[in-house]
Amino acid sequence: MSDVTVRQLAGIVGIPLDRLLHQLGDAGLQISDADDVLSDAEKMKLLNHLRQSHGKVQESVTEPKRVTLQRRSVTELKQGTVPGKGAKTISVEVRKKRTYVKRSELPETSDRLSEAEQARRALEEQQQRELAEQEARRQQEEMLREQAAEEERRRQEEAARTAEERRRRDEEERQAAAERETVAAKPAPVAAPPIPRPAPEPRPPARPSAGKPKAEAPRAHPAERETEARGDKRSAGLSRKDEYRELQGDDFRKGGGKRKKPKTGRPMLMPEQKHGFEKPTAPIVYEVAVPESITVSDLAQRMSVKGVEVIKALMKMGVMATINQVLDQETAILVVEEMGHKAIAQKEDDLEAEIMANLAAEAEAPQLPRPPVVTIMGHVDHGKTSLLDYIRKSRVAAGEAGGITQHIGAYQVKTDHGSITFLDTPGHAAFTAMRARGAKVTDIVVLVVAADDGVMPQTREAVEHSRAAGVPLVVAMNKMDKADADPDRVKQELVGLNVVPEEWGGDVQFVPVSAKTGAGIDTLLDAILVQAEVLELKAPVAIPAAGVVLESKLEKGRGPVADILIQRGTLKKGDFLLCGKEIGRVRAMFNENGKPLKEAGPSAPIEVLGLSGAPEAGDEFIVVADERKAREIALHREEKLRSTKLAAQQAAKLEDVFSLMGSEETIDLNLVIKADVQGSLEALRSALTELSTDKVKVRVIGGGVGGISETDANLALASNAILIGFNVRADGSARKLIEERGIDLHYYSVIYNAIDEVKKSINGMLEPEFKEQIIGIAQVREVFRSSKFGTVAGCLVVEGHVRRNLPIRVLRDNVVIFEGQLESLRRFKDDVNEVKSGMECGIAVRNYNDVREGDQIEVFEKVQVAPH
């Protein structure tokens, strides 16, 4: 320790300078100036002085030299209480303090203790004993006062009871005398004089016993106490009859102890049987929260009435409804007000707005640069996946069925220029919704156009999606290695869509590339990063994560799996996710290569396990801290979806009713679709439903993500539906049921194969269409009679030819008078099958004999035509 001045020591210790100087003087140090230097020896002397003054003497041995014990003894004092009750026990506590000193230190300690200390301890012990005695006396006096008060109360009750009995006996005597006067014919028995009941002598109070407290005697049972009381009454001179008279009061009548009928002149005193609770007269008015759609039963439950009452109110308003029918918000509010309650229009997103407000507050965290999210769009087979394949140096396209992309693939690529997140969307017409989702979550759209093919329908659609989302475009002219590649043609066609290249004065970068040779790939990546720098992409990192679901599926052994893209914040393992109507805790996270992760930041595409179900593709997800609120929101969203479906079903039923009026009956083709991912299911459902015609309606009655289960097979069996498995297979129990019941099951891995098969099924369900085709006309020249055929017409074939066993029509003056079958066809005397134009023949018409000269016989046949 170095030497310091007094002023410095005061600053180190944290005490005033004057106080430190005073303490130095008390320690015997001749220091008066604040700038004097203190040595280590002087500081130790000051420290020893302070310890002695505060009673802290430095000891070399940590072993205690004395032990102080506080002894507490409890004694019990038994105190008698009122008669009939057990004795009361009082606890008396005596506290003693003893100090034990080591024998080796005893002489020194005894010398150290002064006489004043010993006197103080003796005084404390005496005071404790006096306090204990005073407490015991106080408790005893209080107990005696309670006993005296209890005895006085019992005496007063006994006196009041005796006076009441005397008054009751006097009243009975007066009634008996009145009865004797009214009944003069019968000798009235003389009433016995009342027997006075001596008052019981009060018992002397029990003296408190100073012995050990005994266990309290068990209290008498109520029935035993009642029996003892009756015994006391009988011992006092009351008979059972007197007791009965006492109990019955005015209703007791003489004459064998039987009751007589009450006289009409004297009113009977009946006990009041009115209930104590009275129903409130004012009506109860509830505040009813009315959502956008609610069923009649739920509305009745919120108003605490029966559903029938709500239906009656609706009928008065002119609305016919059932208990399960869905009402809109306006109708429900009118019903609530009609029934006298207060309606409150409930907003659907109250809880969600609260959570979003919290997210908005958290979004004020500092923002850091993030990788760009790039979506690759273009027409089918223009080389989108192959281009991404070359960038990632892997065979992505080989894993897709038919070499086409059927759901969004998300990959993060680390290049020499930085990280880029790529989204590969399908280019088929059936995947329009998936391309629209890809445009919403992206920062830059790379439009891939084949230089040898030019602009195609899905190319125009991709331009519209990017323009609607306000996302900048980078055009990649692919397949430049082909001989017939024409980049100028691509530029001209895109200029027609208002996509102008930079070299022509526009703002869109056009990059010629080849996914096969890799030419222009680095230039394309540079163009993407330049565009990202212009956009200045940033996102907060140190907040809970939020983003969007790209795809979801149901995997065996892993459960619901969601492919998500984080847009802001950091997602950690164990976070609680709210994703559409699904919730769950993140059990595991994986990147696009299957590597497990503990956390992921913005623009990272990851795979998440742990949700309660497979969410819809395009749903937004957020990390919430309040698990209860998240469950409420998920339940509310599910209820809203169910209400929407019910309302749509109700509307569909009404539409079906009106469409059936005046129209032919339609045929339903029911389908049950199971797919590997949510996006493919959505695309299949949309594409197959659009195949409906006026005569055949395609209905998807069930669908989901995952393998075909026994439940799906039972649904298809019950609804006579076709089972379609898209990149999934049926499990063992489902296969057994499908084979036993002969359910129509089809597996597909390319969406267009499924569409073609359903088209064939629709054509097979249509009724065959037939067209009448006139093949010949014969002119009747003469009529003959035949014993075998009846009337036979001699005819000349003027048009076409006539064949045997075909339907015919007989025309007279170009009016059909008969339609039947050609029975016999002869030429001269020979039966022939066919007679050509310009030749004569004999025709016999089955079941018709009114053929005349000049008639025409028209021969026709029905030809089946393909339905359209």
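Any Cβ shown, glycine's included, is placed from N, Cα and C.
What you are looking at is a predicted structure, and each value in this text was computed from that prediction instead of being measured.
The feature region 'G4', as given by Swiss-Prot for the ranges 478-481, 506-509, 770-773, 846-849, sits at 478-481. For the ranges 93-97, 328-332, 403-407, 803-807, the feature annotated in Swiss-Prot as region 'G2' maps to 403-407. Looking at the stretches 58-65, 378-385, the one that Swiss-Prot records under the feature region 'G1' is 378-385. In the predicted structure, the region 'G2' (403-407) carries a mean pLDDT of 44. Across the region 'G4' (478-481), the DSSP tally of helix, strand and coil residues reads 0 helix, 1 strand, 3 coil.
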